[in-house]
Amino acid sequence: MAGLRARGGPGPGLLALSALGFCLMLQVSAKRPPKTPPCPPSCSCTRDTAFCVDSKAVPRNLPSEVISLTLVNAAFSEIQDGAFSHLPLLQFLLLNSNKFTLIGDNAFTGLSHLQYLFIENNDIWALSKFTFRGLKSLTHLSLANNNLQTLPRDIFRPLDILNDLDLRGNSLNCDCKVKWLVEWLAHTNTTVAPIYCASPPRFQEHKVQDLPLREFDCITTDFVLYQTLSFPAVSAEPFLYSSDLYLALAQPGVSACTILKWDYVERQLRDYDRIPAPSAVHCKPMVVDSQLYVVVAQLFGGSYIYHWDPNTTRFTRLQDIDPQRVRKPNDLEAFRIDGDWYFAVADSSKAGATSLYRWHQNGFYSHQALHPWHRDTDLEFVDGEGKPRLIVSSSSQAPVIYQWSRTQKQFVAQGEVTQVPDAQAVKHFRAGRDSYLCLSRYIGDSKILRWEGTRFSEVQALPSRGSLALQPFLVGGRRYLALGSDFSFTQIYQWDEGRQKFVRFQELAVQAPRAFCYMPAGDAQLLLAPSFKGQTLVYRHVVVDLSA
């Protein structure tokens, strides 16, 4: 029987010994202390919390189950991308009294369970636009008592379920950069404690929530370099022909009148054609009865009129301009009076006279000689109040105003602009019901004059030593004045309607400009600046929203 029991299984003694050994193992195991979770020296940790003081970086060696982290008096200045991504279960994060100055994009990426984020009493002066990206569970956010002066537009957009926001204790500058916040506060369902402006003075101590949006003037403009034409030029004239936009440039350096065509696809000016012109000072396009003509005024070698032949797609010389009448042209103006086309040439030679030509059937013919012996420099045609006028500026006397006589069909001298005896160029503009003249001077200040009914009166002087070119122009309701100089960069002024004066707006790096030309090209508003010494520059007028 004993042998049978041995083969069938353990006896009672062996079973008892096994039971005793198991009990001893349990006793030994019960006496071992629990395993200590990992924790950096600067932190105090439990299984799911960590409290860190004087850390030199975001602690890395933390329990993986941590759901609550507090950082106090941290010694690093920036929280970078993914700084807490190693703590994916984090639900509570307190960053208090640290030396942070900047929190970057995606700083809290990977914290999809974070519900409470308190960033308080730090030195933070800037947050990135995507600082809070990825915090889809965040319900409470505090940015109280930092040095924030502004907030990036739509910084709170990723926080879909945010319930409470605290921005108190910051130095918010309530300028255009904060306009979006005023709009957001008016429409959000998030509870936001009252916050106040620290600046500018007119808004100081005003509650941000109560600021009227109409007080924010945040739309401005800018002229940005759009295209560089790698050649000098002394005049620029845009024109439309057969529904296409072109530009005629006088380029004595390459002995040509260059015709450029606007490419509406590439949105650039492209080479199109050239007219031989060894000493061109002005290339004036005119479209008469659907035919294109270009008047080429030259200092030497005679001046000519070219006609565009659409059949041969080339320019052919149509007629010569009498060299005894036009000796040394300096400017050319084209205009229409009572249905007839004219162009006038300012002659700057000592023995020359500004001449008027009229289109008749198949050519331009001499119509009138104006202002002889005065070395004329510029012309400006003014058609206001039904009285066409031509203003002629001269280097030897005050600008002369001629008025068109419909009886004589000629210009008749009307008077002089005595305030500026040595104007190099003359331009005009209207603002409201008032008419103004702009006169540039090479030595002395350029002048802005207003017509008072019987005479001109000076309203403004603009510093302009070395100026040979100026041009007022209107873009989308905004009036500007481009004023060039041979000794400094070009100044752009903007018209202040309240003060009825031009105020300095922008400086453009144009060397020795000889003209300025405004050219709308589709939705692009362009300002061309032909340069005598350098490249011809094309600037684009852009509208800038400072609140964006």
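Here, residue 1 is simply the first one shown, and the rest follow in order.
Quick reminder: no glycine exception, Cβ is built from N, Cα and C everywhere.
Annotated signal peptide per Swiss-Prot: 1-30, in sequence order.
Averaged over the domain 'LRRNT' (31-64), the predicted model has a pLDDT of 85. Here Swiss-Prot flags 31-64 as domain 'LRRNT'.
The repeat 'LRR 1' annotation in Swiss-Prot covers 89-110. For the repeat 'LRR 1' (89-110), DSSP puts the residue distribution at 0 helix, 7 strand, 15 coil.
The repeat 'LRR 2' annotation in Swiss-Prot covers 113-134.
For the repeat 'LRR 3' (137-158), the DSSP counts in helix, strand and coil order read 0 helix, 3 strand, 19 coil. Residues or ranges marked as repeat 'LRR 3' by Swiss-Prot: 137-158.
Per Swiss-Prot, domain 'LRRCT' is recorded for 170-220.
Taken from Swiss-Prot, the feature N-linked glycosylation site covers N189 (among others), and the record attributes it to sequence analysis. Around N189 (N-linked glycosylation site), no same-chain residue six or more apart in sequence has its CB under 8 Å from its CB.
Listed as Cβ neighbours of the repeat 'EAR 1' (222-264) (distance under 8 Å, sequence separation of 6 or more from its ends, same chain) are residues 270-287, 292, 294, 296-297, 299, 308, 310, 492, 506, 508, 514-515, 517, 519, 521-522, 524, 526-528, 530-542, 544. The repeat 'EAR 1' annotation in Swiss-Prot covers 222-264.
Counted with DSSP, the repeat 'EAR 2' (268-310) comes out as 0 helix, 33 strand, 10 coil. Annotation comment: Swiss-Prot describes 268-310 as repeat 'EAR 2', evidence class sequence analysis.
Residues annotated as N-linked glycosylation site in Swiss-Prot, with sequence analysis given as evidence: N311 (among others). Under 8 Å, Cβ to Cβ, and six or more positions away along its own chain, N311 (N-linked glycosylation site) finds no residue.
Look at Swiss-Prot and you will find 314-361 tagged as repeat 'EAR 3'.
Beyond the repeat 'EAR 4' (363-406), the same-chain residues lying 6 or more positions past its ends with a Cβ under 8 Å from any Cβ of the stretch are 293, 295, 305, 318-319, 322, 325, 330-333, 335, 337-338, 342-344, 346-357, 412-428, 430, 435, 437, 439. Feature annotation from Swiss-Prot assigns repeat 'EAR 4' to 363-406.
Per Swiss-Prot, repeat 'EAR 5' is recorded for 410-453.
Feature annotation from Swiss-Prot assigns repeat 'EAR 6' to 455-497.
The repeat 'EAR 7' annotation in Swiss-Prot covers 501-543 and rests on sequence analysis. Within its own chain, the repeat 'EAR 7' (501-543) is flanked in space by residues 219-238, 245, 247, 249-250, 262, 264, 267, 269, 448, 459-460, 462, 468-471, 473-476, 480-482, 484, 486, 489-495, which lie at least six positions past its ends and keep a Cβ under 8 Å from the stretch.
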Short question: which residues 6 or more past the ends of the repeat 'LRR 1' (89-110) have a Cβ under 8 Å from it? 64-83, 116-135, 147
Close approaches to the repeat 'LRR 3' (137-158) from elsewhere in its chain (Cβ under 8 angstroms; 6 or more beyond its ends): 101, 112-131, 164-173, 175, 177-178, 180-181, 184, 188, 190, 198, 547-548
Same-chain residues at least 6 beyond the ends of the repeat 'EAR 2' (268-310) with CB under 8 Å of its CB atoms are 227, 229, 234-235, 237, 239-242, 246-252, 255-262, 316-321, 323, 326, 328-334, 341, 343, 345, 359, 363-364, 538
Going by DSSP, give the three-state secondary structure for N189 (N-linked glycosylation site). coil
Same-chain residues at least 6 beyond the ends of the repeat 'EAR 5' (410-453) with CB under 8 Å of its CB atoms are 356, 367-368, 370, 377-380, 382, 384, 389-391, 393-395, 397-404, 459-472, 474, 479, 481, 483, 495, 497, 500-502
